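Single-structure report; data block below.
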Amino acid sequence: MPPHLSSPYGHRPPKSAAAHMKPGSPALQAPPVSEFYDSRTRMQRLLQPHHKTSPFIWCGAVVCVVFSLLLILAGIITLIIFLVVKPRNPSLDLTAASLNTIYIDSSTYLNSDFTFLANFSNPNHKIDFRFEYLGVELYFRDRLVAVQAVQPFTQRTGESRLESVHMVSSEVPLPLGLAFELQQQVRSNSVVYSIRGTFKVKAILGPGHFSYWIYPRCDVELSAPPNGVLVAKRCRTKS
């Protein structure tokens, strides 16, 4: 009969864990008391009640929320009013123009003198406009040849305003192909320029106002200098 069946209980009792430990291995020990108290102290600190928020902080937060809501409400009201009124952009047109000089030297540098009379119109009956920034650029083909600024002004409903704009090109380098094309246009008595504006306008309706940018453009055909005059034009405005 096998040895394990000779036990009166039918099974041999298992060996203790201590019997399985190798000689020289460290004995199991309970954690030090200091670690227990350190863990308890950290837990007590986490469970401590937080400091109360200062009433001044609460007041500041309430004021910020109320101010933000008022701004949002004012913006919504202004948007509704503008949607009902349906404002139209101010327009730019040319009533006259004169091309006094075009000279291209041997190094293909352009010198020119060009003046036009701009007509700013406000087509709205309930909205005033404040022109806060007016920049005007003169192009030959897609080559910038002159820049000019116009003084800011206010335009009432239904008003028109004339402004003389003087564009001078001084030693502006041109590619050889563009220089040759411009000389050919002068010889054929038909010079084509492009006038492009960048305007920042403020639309004013009662106590409300709204600022945005518009980009007028006029393509003009002029007779040759020194007595060049406006022959044809085509103006449009984008926002």
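The backbone N, Cα and C atoms fix where each Cβ goes, and this holds for glycine too.
Per TrEMBL, region 'Disordered' is recorded for 1-24.
Residues annotated as transmembrane segment in TrEMBL: 55-85.
Per TrEMBL, domain 'Late embryogenesis abundant protein LEA-2 subgroup' is recorded for 121-203. DSSP states for the domain 'Late embryogenesis abundant protein LEA-2 subgroup' (121-203), grouped as helix (H, G, I), strand (E, B) and coil, give 12 helix, 52 strand, 19 coil.
Over the domain 'Late embryogenesis abundant protein LEA-2 subgroup' (121-203) the predicted model carries a mean pLDDT of 94.
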